[in-house]
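Listed features, source Swiss-Prot:
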- 308-317: compositional bias 'Polar residues' (COMPBIAS)
- Cys39-Cys105: disulfide bond (DISULFID)
- Cys53-Cys60: disulfide bond (DISULFID)
- Cys208: S-palmitoyl cysteine (LIPID)
- Ser283: phosphoserine (MOD_RES)
- 147-166: region 'Disordered' (REGION)
- 212-278: region 'Disordered' (REGION)
- 295-317: region 'Disordered' (REGION)
- 1-20: signal peptide (SIGNAL)
- 176-196: transmembrane segment (TRANSMEM)
Amino acid sequence: MDCYLLLLLLLLGLAGQGSADSHPEVLQAPVGSSILVQCHYRLQDVRALKVWCQFLQEGCHPLVTSAVDRRAPGNGRIFLTDLGGGLLQVEMVTLQEEDTGEYGCVVEGAAGPQTLHRVSLLVLPPVPGPREGEEAEDEKETYRIGTGSLLEDPSLDPSASAGPHEFRRRENSIPLIWGAVLLLALVVVAVVIFAVMARKKGNRLVVCGPSQSTGVPGMDPPSAAHRSSDSGLPSDIPHVRLDSPPSFDSIYTGSSLDPPSSEPPAPPSQPPLPPKVLMSSKSVTYATVVFPGGDKGKIASCEPVQDPPNSQTPPSK
């Protein structure tokens with residue numbers, strides 16, 4: 001009976017070893033992640049050496065063992081722990097792409113090395129997806145929301161709660177504000193100066209306007225300025241003013257501009273209106289006739305007539 005029991009256990013062990021060798025467990029993990037593998041061993045192998053090895057072409061390459069050897073350099077990314085009660089646990093952390101391969105738990109018992117469990121590990125390279133961008137946007141939004149909540153609290157310091165970009169933006173806005181204030185002050189000063197100058201110029205025109213003379217430049221004011229009479233002519237020029245426009249008859253057609261002679265003029269056929277004559281003590285060399293009611297700018301004048309050398313001006317009466 002005992003022989004049959006031992007034979008049955010041996011067959012089960014061989015079957016388990018064959019199944020472990022032929023059908024390894026497939027595990028897929030991304031770069032930087034971790035895996036945890038548990039292996040069951042027999043209770044009679046509790047004191048046996050447990051090994052976590054990588055299966056290569058030349059055989060099992062041990063990575064970590066249950067024996068504590070302080071002289072051998074340990075692997076900082078693979079940990080083997082014997083939990084007792086026939087349970088062995090292996091953990092691989094911070095996986096890299098070169099960790100891809102086939103691994104297994106091996107127990108070196110009295111019957112020889114026995115593979116308890118095999119694992120086919122595939123380490124996937126990192127693939128940036130839209131999820132990472134969404135998480136980054138969510139983090140930025142969370143940072144903005146948190147910053148806004150801190151700023152809304154009046155008990156907190158705004159400069160301490162603001163982020164670096166917000167603080168840099170405030171530093172850049174300070175010179176712009178001062179520049180705008182300086183420009184506004186310059187505009188106000190320019191407007192005030194312009195208003196004062198315009199007021200001074202207006203006062204100068206009001207004071208100097210009536211006293212300006214219409215004389216020729218380079219002449220003295222007394223000699224250049226002439227008082228004008230109501231006819232628009234200077235008072236020192238002899239002229240005749242007629243109350244009404246004269247009729248163009250033979251009286252004016254045959255008139256001469258020669259100096260007055262001693263003989264009295266012939267009496268006119270029709271008595272004209274008495275003209276206003278301004279007598280002058282000087283000899284008259286030209287005459288000016290002004291018609292009332294007409295344009296003052298249109299004045300009939302004649303060329304001056306030179307006196308003969310031997311003629312004598314009769315004395316005025």
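We count from 1, first residue shown onward.
Heads up, the Cβ atoms here are built off N, Cα and C, so glycines get one too.
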Under DSSP, is Cys105 (disulfide bond) part of a helix or a strand, or is it coil?
strand
Determine the most Cβ-crowded residue among the disulfide-bonded residues Cys60, Cys105, using a 10 Å radius around each Cβ and all protein chains in the structure.
Cys105
